[in-house]
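Notes follow the structure.
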Amino acid sequence: MVEVSEKPNTQDDGVSKQENRNPASSSSSTSDKEKVAKKGNSDATKSSTPEDLDAQLAHLPEHEREILKQQLFIPDAKATYGTLFRYATRNDMIFLAIVSLASIAAGAALPLFTVLFGSLAGTFRDIALHRITYDEFNSILTRNSLYFVYLGIAQFILLYVSTVGFIYVGEHITQKIRAKYLHAILRQNIGFFDKLGAGEVTTRITADTNLIQDGISEKVGLTLTALSTFFSAFIIGYVRYWKLALICSSTIVAMILVMGGISRFVVKSGRMTLVSYGEGGTVAEEVISSIRNATAFGTQEKLARQYEVHLKEARKWGRRLQMMLGIMFGSMMAIMYSNYGLGFWMGSRFLVGGETDLSAIVNILLAIVIGSFSIGNVAPNTQAFASAISAGAKIFSTIDRVSAIDPGSDEGDTIENVEGTIEFRGIKHIYPSRPEVVVMEDINLVVPKGKTTALVGPSGSGKSTVVGLLERFYNPVSGSVLLDGRDIKTLNLRWLRQQISLVSQEPTLFGTTIFENIRLGLIGSPMENESEEQIKERIVSAAKEANAHDFIMGLPDGYATDVGQRGFLLSGGQKQRIAIARAIVSDPKILLLDEATSALDTKSEGVVQAALDAASRGRTTIVIAHRLSTIKSADNIVVIVGGRIAEQGTHDELVDKKGTYLQLVEAQKINEERGEESEDEAVLEKEKEISRQISVPAKSVNSGKYPDEDVEANLGRIDTKKSLSSVILSQKRSQEKETEYSLGTLIRFIAGFNKPERLIMLCGFFFAVLSGAGQPVQSVFFAKGITTLSLPPSLYGKLREDANFWSLMFLMLGLVQLVTQSAQGVIFAICSESLIYRARSKSFRAMLRQDIAFFDLPENSTGALTSFLSTETKHLSGVSGATLGTILMVSTTLIVALTVALAFGWKLALVCISTVPVLLLCGFYRFWILAQFQTRAKKAYESSASYACEATSSIRTVASLTREQGVMEIYEGQLNDQAKKSLRSVAKSSLLYAASQSFSFFCLALGFWYGGGLLGKGEYNAFQFFLCISCVIFGSQSAGIVFSFSPDMGKAKSAAADFKRLFDRVPTIDIESPDGEKLETVEGTIEFRDVHFRYPTRPEQPVLRGLNLTVKPGQYIALVGPSGCGKSTTIALVERFYDTLSGGVYIDGKDISRLNVNSYRSHLALVSQEPTLYQGTIRDNVLLGVDRDDVPDEQVFAACKAANIYDFIMSLPDGFGTVVGSKGSMLSGGQKQRIAIARALIRDPKVLLLDEATSALDSESEKVVQAALDAAAKGRTTIAVAHRLSTIQKADIIYVFDQGRIVESGTHHELLQNKGRYYELVHMQSLEKTQ
């Protein structure tokens, strides 16, 4: 928790100035809101330059500025392509060298074919001039055809080694980058995370590392092969006749100029796209992790629009990126075709001049054709390399950052025997993320060894800052913290944190079992290496001490129960007790309790507090508490106000002083009307408690009878109910099994995303067809050129004339290709980025449409869904944009080329076409294998990404437990598992890819052998032969290129199926459904009629067992009872987060399941136990309470005044325009809660639901806010869940829950007189002076 110092007593003139300033700025247009949203996120994610930081911190003294800069500065890493391989091992580099050589050798195979071609051309001329016999000709032809076969076999082996090798090394290196990035993240100081959203970490560790992997894997091999082909071709050309080769080499210069000029813009656009997606990922992570809040307030539309702000920015830069690549590719094709024309023109002059012969010219021209064509294959890969460099820059900037407070460092001393005396000496503290606010000023405090020191005071006064400084989450700007007289800066940080156990206000559990969560408390302690049996005993003992053992054993799987992501499957109190058990299991020297019992009910709190009191003995304990009943026995109570110590002493001393502490006590004092209880009465009450546990529960006020008339029948009913509900829930789960979709269905589904671009997409298809037809046309020109150069010396005049004509035709073809390729690139850039934008936007909206049960499923964790949004949408573009255009283009090339070949020489064409089905079969089989591989790989990476996201979003808990090494071991284990699984799939798919590429040589061998025979017999002339061979070469190559897109298509198919499943999933409780009655007005009668409920993820665990409850209009009722008894579940059912298994919830006599869910929820407002704020300004967060934008400032101000937050907001430099940070990280818990209350009040609800609404507030704020809530409750039906009983003593009826039933009800006074369960709870919270 990051606290901000408040100034509640702002003078009137200061407030009026703020009011005059703020409304104008806060009444913003949509574009202004987008700017604020962008600002809020960009502030959180951009690398801060030293100049930026100096400007932000200019008002501070130099030494303070330096301390804050160390905690904030993020270096702006300049990545080059070489830096992507920085984590390659020696073995990786050796392997890379081998596979690079294989790629280069594979690339040299095609130019070697031109040597054979030139030789055969000479042989053809010889037989035409009758210089050799037909048998000699046939022998030479057969031998050269066999050379083609040998070349094909060699290329198959070389390509296979290259593809498998590069994919393996790429995955291996990327695996290390993922691990290094997470390792670097876990070593950062907490100030770094105040600037960084957990969603950005997920985006970096999934989408960005995938981009790096894409840029260093098989695309490197393909590029090396293409470059090798290019250079080999030109080397052969220079050897044959250097003058012509030199002239044709101008191609290289032109291409380098084009690529160099455009790639600068490509890299910048790629970087900006990644930044925008990172910011969007942070918003998505915030929203999904707080989905209950978004659902309760119906803010899905507003939050989706906030997400779209960043998607639009990413779309803008993405379009620029794709357009530049399209223009670059078009320019390169134009240069290539122009070069053909230049070659023919100059070649004809050299031939006529007698400087060279036909064989050399044919060899050189064909080498130039192949070499120039191959360079075209490099262009599509440059985008992958550029994206990899951009992604690398973002990732390496974090990896290279030297943390100011590094938990992974071995530096620093240790103290052999820690006594535990803590001293804060002259402390001044400023949070790095909010440098304009001083949180602590001149704090001097000694915490004696073995004593308990309590810190109390208003929210934001600096209490939790004490914990942050002692744990070294932050460094103070001046002063020092000492442990046993040693400045903690000189101590080893990991060792220091292992001496301290922390239980924080919002308990964080990890997505594993209860046993493993408690075991985490043993990290770094001597007990960590004990036997499993001893560890088990310690864990059970700690759970018993924390009053957690009984509820754990009540769970079906006991200690082996998985708690879900962040412990969502447990109630707040249950999570808190497990966190306490985790803290005390290692018997620490220093215990920090930051609101450690805030989430517990009074009964649990009493037991746990006794356990904590016992655990505190003999160790140094610092307790931060708002609930003063928990700290009255402390050895020293320190009252902190405004970042300074106001007073300190024992409970009695401070009460006698009649100062600030007494005011806090009075604010929280419960008005009990009872006499002193004798010791005998206490014994009697204990006996009553025991008898109550085995007898019939107390009468329910509303039912008029005992809920369970017969105990045996009741037990039987529960058993039956369990079976029935388990069947119902298992049926619901089975209905959600993965649906399989046909390829056609998925293609239609993806095409739907580009529906608005249909017309321009048709234009794109038109240009793609024109581009594709270019190569077969070039084949005609090429054959005509060869035929022209074959003319005898007597026709040299005609030769020069024809050569000029065909050279000009090549130039014209180049210009046409420039236009068509560039136009195609621009059009598909628009379509592709629009598809990605809509896919992300609609899938995010589809997620927000789902009911809460969807998010409870383990596979739908925040990390998994955020990763899905960032990664799978990118995969979806594998069948759109540049990929789709290229596939259509090469398909056209294949069809037109084969058609032309059939038209001019059907015999030779048919023989060559017979090989095409084999190529298609290889390609499609590879496509199918990759689709299967992608499905498996995606799940593995989702799992590891989800785990990384969970760890980073709980960084304070990870840091305080020194769990960094454990997190890394699990994460690296997940990555290793995925690498092993992928290798076999890669081996299969690469086999087929190599086959599909090398088959073109076998096709050429067959074509030359059969076509040469036809030529030798005189059936075909030179034009027919060269045309058919040229068409088949490029046609079959085009088929191979189509299948090089198989990985992208495989990913797209898998992603499309996931999207279709998400879009097709219609939730049971559907916010988009128009069905159900809409309520215009509501009186506010709420009824529960025999409600039974179990959570869908835990069908064997009953939560509510026949609940009957009636709340009359305008009535204020309170729900109290032990943790896990069903109080918060009751609130969830009123909100209709879930539907009941049996029975019903009614409003004004109408079953809420038959009402329109949006209309119904519009009459409710919820304030939860853990407040949720989103990226953006304070004003934006308050306005999330209403579904319209035209809310006057006065209404916003009124809601904030009612929630006692207005004065604090106006004291901030930017007032209502203050950016709250990721998840409200810039504010303290109390400040966040009051903004959440303001958000509820601006809604003006008829039914107000308060789930621990004031649990995060100090006594002073609580009193004012409670009064505001009491006033707000007038005329409204209010249901309040409370552990702190002082907040609900004025309730009209208080219902005491136990095990899903009401066991007692009445007013505060009636229940006190009954001296039952409620009476005990009140007694435990008594704030009377200790005797």
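Cβ from N, Cα, C; glycine included.
Here's what Swiss-Prot has on this protein:
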- 1-20: compositional bias 'Basic and acidic residues' (COMPBIAS)
- 31-41: compositional bias 'Basic and acidic residues' (COMPBIAS)
- 422-667: domain 'ABC transporter 1' (DOMAIN)
- 1086-1324: domain 'ABC transporter 2' (DOMAIN)
- Asn293: N-linked glycosylation site (CARBOHYD)
- Asn529: N-linked glycosylation site (CARBOHYD)
- Asn860: N-linked glycosylation site (CARBOHYD)
- Asn1108: N-linked glycosylation site (CARBOHYD)
- 93-113: transmembrane segment (TRANSMEM)
- 147-167: transmembrane segment (TRANSMEM)
- 219-239: transmembrane segment (TRANSMEM)
- 242-262: transmembrane segment (TRANSMEM)
- 325-345: transmembrane segment (TRANSMEM)
- 358-378: transmembrane segment (TRANSMEM)
- 762-782: transmembrane segment (TRANSMEM)
- 810-830: transmembrane segment (TRANSMEM)
- 884-904: transmembrane segment (TRANSMEM)
- 910-930: transmembrane segment (TRANSMEM)
- 995-1015: transmembrane segment (TRANSMEM)
- 1025-1045: transmembrane segment (TRANSMEM)
Check your understanding: Any chance the transmembrane segment (358-378) and the transmembrane segment (93-113) are in contact, meaning at least three CB pairs closer than 8 A with a sequence separation of 6+?
Key -> yes
Review point. What Cα-Cα separation, expressed in whole Å, is found between Asn860 (N-linked glycosylation site) and Asn293 (N-linked glycosylation site)?
Key: 17
**Study point:** Most Cβ neighbours inside 10 Å, all chains, among the glycosylation sites Asn529, Asn1108
**Key:** Asn1108
Study note, to complete from the structure: Counting Cβ pairs closer than 8 Å to the transmembrane segment (995-1015), the top stretch among 93-113, 242-262, 884-904 is 93-113
Exercise for review: Determine, from DSSP, whether Asn529 (N-linked glycosylation site) sits in helix, strand or coil.
Suggested key: helix
Review point. In the same chain, which residue numbers or ranges, 6 or more beyond the ends of the transmembrane segment (325-345), come under 8 angstroms Cβ to Cβ?
Key: 244, 247-248, 250-251, 254-255, 258-259, 262-263, 266, 364-365, 368-369, 372-373, 375-376, 379-380, 382-383, 771, 774, 778, 781-782, 785, 788-789, 803-804, 806-811, 813-815, 817-826, 828-829, 882
Practice item. Counting only CB pairs under 8 A, let me know which of 93-113, 147-167, 219-239, 242-262, 810-830 has the most with the transmembrane segment (762-782). Key: 810-830
**Study point:** Which of 147-167, 219-239, 242-262, 810-830 contacts the transmembrane segment (93-113) most, counting Cβ pairs under 8 Å
**Key:** 219-239
Point to revise | Intrachain residues whose Cβ lies under 8 Å of the transmembrane segment (242-262), provided they are six or more past its termini | key: 234, 324-325, 327-328, 331-332, 335-336, 339, 342-343, 346-347, 350, 355-356, 360-361, 364, 368, 372, 375, 379, 382
Review point. Where's the emptiest Cβ shell within 10 Å among the glycosylation sites Asn293, Asn860?
Key: Asn860
Check your understanding: Same-chain Cβ contacts of the transmembrane segment (810-830) under 8 Å, 6 or more residues past its ends?
Key -> 318-319, 321-323, 325-327, 329-331, 333-338, 340-341, 344, 757, 760-761, 763-764, 767-768, 770-771, 774, 777-778, 781, 880-882, 884-885, 889
Exercise for review: Taking only the Cα atoms, work out how far Asn529 (N-linked glycosylation site) lies from Asn1108 (N-linked glycosylation site), in Å, as a whole number.
Suggested key: 51
Exercise for review: Whole-number Å only: compute the distance from the Cα of Asn1108 (N-linked glycosylation site) to the Cα of Asn293 (N-linked glycosylation site).
Suggested key: 26
Revision key, fill the gap. Asn293 (N-linked glycosylation site) falls, by DSSP collapsed to helix, strand or coil, into helix
Review point. For Asn860 (N-linked glycosylation site), which DSSP three-state class applies?
Key: helix
Practice item. Kindly state the mean pLDDT of the domain 'ABC transporter 1' (422-667) in the predicted structure. Key: 85
Check your understanding: In terms of DSSP three-state secondary structure, what is the assignment for Asn1108 (N-linked glycosylation site)?
Key -> strand
